[in-house]
Structures are given as C-alpha cells and as structure tokens.
C-alpha cells in the first residue's frame, strides 16, 4: 500500500481510539460484559500502538545523555511491562464480574447496538490486518547470511564501524518484531469482535431462557485468551528488566566454547543480559596464559559471542605467571579491561 510503518500505526491508533470509545460506551449502556471486555482489549492495543511508535522514534534518535548512557532503549520494555500488568489486573476484574453474572443473570439491553458495534469493530480490524499483514512477514526475510557477513567483517573492519552496522541491523530487526506484535494484537482484536458478534446473534435470535448467559461465557473466554497471551509477554519483559539471560542464548554452551579457545585458563564472571528487544550485552573475565596472542584470542571470543547475537561486550583479561604446580599465582595476576 506504500504506507510507512509509522503511518500504518497512526491509522491503527485512530481506528482503535474510535472503537474503544464506541465499545465501552455501548457496552455499559447495553449492559454487555462481552463488549466491555473487548473494549479493554482495544485499550490495551491502543497503548501497545503508542509504545510501538514511541519505540520507533527512540530507536531512530538513539540519544544518550549523562543521565542515560544507553539512552532510553528500555522505555519500550518498561512501557510494555506496565501495560501487561494493567491488562492482567483488568482480566481478573472482568473474570470475577463474569462469574457474578452467572448468579445474578442480568439482561442485555439494546442488543442490536452491541451487534452493530461488534460488526463495525470487526471491519476495522480486518482493515488493520491488511495494513500490518505485509510488514509482519518482512520480519522473516533476513537470512542467516546477513549475520555471517557481519561476523566476517569482525576481522577486517575497525570495531566502531562494526558496532554501527550491528546496531543498524538490529534496529531494523527490532522494528520488524514490533510490526509483527502489532499484527498479532489486531488479529486478537478481530477474534474478540467475532465473539461479541456471536453472543449478540445468539441472544437476539434465540428465545432460550438462559440465552443471556452467552454474554458472560464469551467474556470469560475472551478474558482467558487475553490472559494467556499477556502473561508470557509480562514474563519476558520482566526478565529483561531483571537482566535475565535472553531466551535462545545457552549461556553454559557459550561459556564452554570460550573456555576451549587456546590460551584461556578459565572463564568467570560471565554475564549476558538484554538491554532492549534486540540488543544483547555481555561481560566476562578471562584468565589467560602469559604468552597468549591476546589480539587473536579476543577476536575469537568476539566471534563466538557474535554468533549468538551478542555485539556489545566488555572483556577483562587477567594475566599471570604460572607457579610450580602449573596454576596461575593470584599475587601475580595483572588485570586489564578490554571494552568492545
């Protein structure tokens, strides 16, 4: 469609804002818990869009300061964590309300308004699927050769230029992941609208005495779906904030590979954490043989780290003389810091 990512998200923000207001107003007016539940899902998506567009701007600016030496790269993660926690609390509240309605049995008023708003919301989400479907697949277009080419450049280019290339590549990858996340949010909204429409049609065109129970049933199903999709997201963002080892990086395997490099006696104080969605950081202390070719060894260490997507590393070598027993004397260790 020729629209930029930012334009697509701005369109989604406009649509989502309109339908969030429509759903929550009609939901409370008609006493439809299913529509109210879907409106809160809309609100969550609205906040997600705002976070996504803010993340794009932060990644593009990449500004650092004396207060934030890394810039605000974790702003997206922090915002996503807060958004997820709020949504989980809303899920609990709505689930309790749905259980109460099984005992009180409240009638749904103006059911056709619920049907109209649900149908309009579904149409809007179909438009959203068209807007984001193309970009959601672009995130898978990067081949492994891109990373391999970057690794080969490690031995040929200066470190500052390498870091700049790596940062640009991962910013693009991060943006694609954001677009995929937005697409999944829109898809979840569409499923919510289908649930609202189904319950409204059932209530409108059947005469069962228990037909109004369809509304809390759909509400509970939507709440379970939202909870199940939000909880892993909260876990992931909390892991980033707690500086946990990123998913997909087997830290013990990486340590063993580094340990096997010729000239390394031991590896300790090895830490890997996630600064943002795509930037991984590591620090490590290496105890080395005195006669080791240090520059060649560091190149090999960085190559291993780069194969696991770790492009920002602090390496502290520790040199010392071997004593009679063949171990390094603690008193003779000299520490240096190599910052990548």
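Glycine too: its Cβ is placed from the backbone N, Cα and C atoms.
Since this is a predicted model, take the numbers as computed values, not measurements.
Taken from TrEMBL, the feature transmembrane segment covers 9-29 (among others). With a threshold of 8 Å between CB atoms, the same-chain residues lying at least 6 positions outside the transmembrane segment (9-29) that come near it are 3, 35-36, 38-40, 42-43, 45-46, 49-50, 52-53, 56, 109-110, 113-114, 117, 120-121, 124, 127-128, 131-132, 182, 186, 189.
Summarising the annotation, TrEMBL assigns domain 'Cation efflux protein transmembrane' to 10-242.
Same-chain residues lying 6+ beyond the ends of the transmembrane segment (35-56) with a Cβ under 8 Å from its Cβ atoms: 5-6, 9-10, 12-13, 16-17, 19-20, 23-24, 26-28, 75-76, 79-80, 83, 86-87, 90, 94, 114, 117-118, 121, 174-175, 178-179, 181-182, 185-186, 188-189, 192-193, 195-196, 218-219, 222-223, 226, 230. Among the features that TrEMBL reports, transmembrane segment is placed at 35-56 (among others).
Per TrEMBL, transmembrane segment is recorded for 77-99 (among others).
What TrEMBL records for 111-132 (among others) is transmembrane segment. With a cut-off of 8 Å between Cβ atoms, the residues of this chain six or more beyond the transmembrane segment (111-132) that come close are 1, 3, 8, 11-12, 15-16, 18-19, 22-23, 26-27, 29-30, 32, 34-35, 38, 42, 179, 182-183, 186-187, 189-190, 193-194, 196-197, 200-201, 203-204.
Taken from TrEMBL, the feature region 'Disordered' covers 138-174.
Summarising the annotation, TrEMBL assigns compositional bias 'Basic and acidic residues' to 149-174.
Residues or ranges marked as transmembrane segment in TrEMBL: 182-205 (among others).
Per TrEMBL, transmembrane segment is recorded for 217-234 (among others).
Annotation source TrEMBL lists domain 'Cation efflux protein cytoplasmic' at 251-318.
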Residue numbers, six or more beyond the limits of the transmembrane segment (77-99), whose CB comes under 8 Å of its CB atoms: 33, 36-37, 40, 44, 47-48, 51, 54, 216-217, 219-220, 223-224, 226-227, 230-231, 233-234, 237-238, 240-241, 276-277
The domain 'Cation efflux protein cytoplasmic' (251-318): DSSP-derived helix, strand, coil residue counts: 23 helix, 29 strand, 16 coil
